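Please read the structure below before turning to the comments.
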Amino acid sequence: MGNSLGCVGLGERLAAAAKDGDAAEAQRLLAANPGLARCTTFGNLNSPLHVAAAKGHHEIAALLLENGADVNARNIYGQTPLMQACRFGHWEVVQTLLVFRCNVWRVENLSGRTALHMAAAGGHVKCVRLLVADAAGDRDGYVNKAANGGVTALHLAALHGHVECVHLLIDERASLAAQTLPCAAPPMASIGAGSTPLHYAACGGEVKCCQILVSRGADRTAINCNGWLPIDAARIWGCNWLEHVLSPKSHLPIPKFPPSGYLSQPLPSLIAIAREQGLNLSSEVSDGFDEGADACAVCLERPCTVAAEGCDHELCVKCAMDLCSVIKSYDSAGIAGEIPCPLCRTGIASFRTTAAPPPPSLAGSPARRSRRNNSGGGGGEHEASNSGGSEKGYGSIDPDAGAVVPLYYAPPFAPSAILT
């Protein structure tokens, strides 16, 4: 309470700046009093970090964290900033919070849901991708963690018909046989205890969700405590078009699904590197790094600090994180989850930190010019790539400067949401 009382005035102005995305005002207030970053508002006890996370302002979130904001702060409902970011699908805020070592296992007071439950319920597959990558040490336990009523993230994604989230969670070893408990909250209580994700998908009415579950081994003969098969749940909820998928006697073929395009092998290694280096979110960093350092070929603003294992192409850690958070993966030599390099399209399974740059006296040497030319070759086909091919929209080689000159780069857009 004392902390809240001290925030009246300046603290409310900081919360307003976090809500409006006014980074200049937030920086001015924090420069005068860094302790404002830890203030909370009256009533719901939201901190400025909660507000910035809910609104998707990742640069302000980073500024608050650098000034001592509690990354795991809870509001009156027990929600953390990570939960707010996942609720509204702000994956760039999720990135920032993970780099500052937020706890992905925290649960909401009333529902017992984690940030993963909220991301899955909202269909925010990029947030799901990041959360699962951070929990790589106990991925099975995290993906299958049940909220109140035994509801898992897969149950919620299936109920709301979020196909990509269902696909990714199954490939991350979410249990197809997880059953709910009698204390599930409405409207899930009406589905009945003992329900599997297939029961929930049947009530949701999305054909592809049911197809993915059945193709991966979900039991169409499972009976819940109401005595319902999944097909019975579909009929009761008015989803009769699912009968050909859910009927245990159906002979119609179920399509086979490849691994999810949102599997991302390099993300765990990148999160670990970003925690050591930071994300360098400032747009002014281009003037501050060594003359001998290469600029990232994607943003042309930050120094290259990570290299892809295999092709050895170098990027800044922020662009590498964005690449692995947004771009879909593909199977390469039977390995799912490799992300295509934006410069040569070689599959990337992990990243490493780059070696120290050569001294400035070597910056213009032929060997260095050759390395810069080689780093731009290969041509790419993804929206976040800036390859060295001659095709318009991806990049070109400047023969005089010997550097990659991007013709087009559209950073991924994170939808804004209104904090209610």
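The backbone N, Cα and C atoms fix where each Cβ goes, and this holds for glycine too.
Annotated repeat 'ANK 1' per Swiss-Prot: 44-73, in sequence order. Annotation comment: Swiss-Prot describes 77-106 as repeat 'ANK 2'. The repeat 'ANK 3' feature in Swiss-Prot is assigned to 111-140. Feature annotation from Swiss-Prot assigns repeat 'ANK 4' to 149-178. The annotation repeat 'ANK 5' is assigned in Swiss-Prot to 193-222. The zinc finger feature in Swiss-Prot is assigned to 296-345; the stated evidence is sequence analysis. As annotated by Swiss-Prot, region 'Disordered' applies to 355-397.
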Cβ-Cβ under 8 Å with the repeat 'ANK 5' (193-222): same-chain residues at least 6 beyond its ends: 150, 152, 154-163, 166-167, 170, 174, 176-182, 184, 228-231, 233-234, 237-239, 241-242, 245-248, 254-257
Long-range environment of the repeat 'ANK 1' (44-73) - Cβ separation under 8 angstroms, sequence gap at least 6: 4, 11, 14-15, 17-19, 21, 23, 26-27, 30, 34-38, 79-82, 84-85, 87-88, 90, 92-93, 95-97, 100-103, 106, 279, 281, 414-417, 419
Intrachain neighbours beyond the repeat 'ANK 4' (149-178), with Cβ under 8 angstroms and 6 or more residues off its ends: 113-114, 116-117, 119-125, 128-129, 132, 139-140, 143, 184-185, 188-189, 193, 195-198, 200-201, 203-206, 208-209, 212-213, 216-219, 222, 257, 259-260, 262-263, 336
Secondary structure tally of the repeat 'ANK 2' (77-106) (DSSP, helix then strand then coil): 17 helix, 0 strand, 13 coil
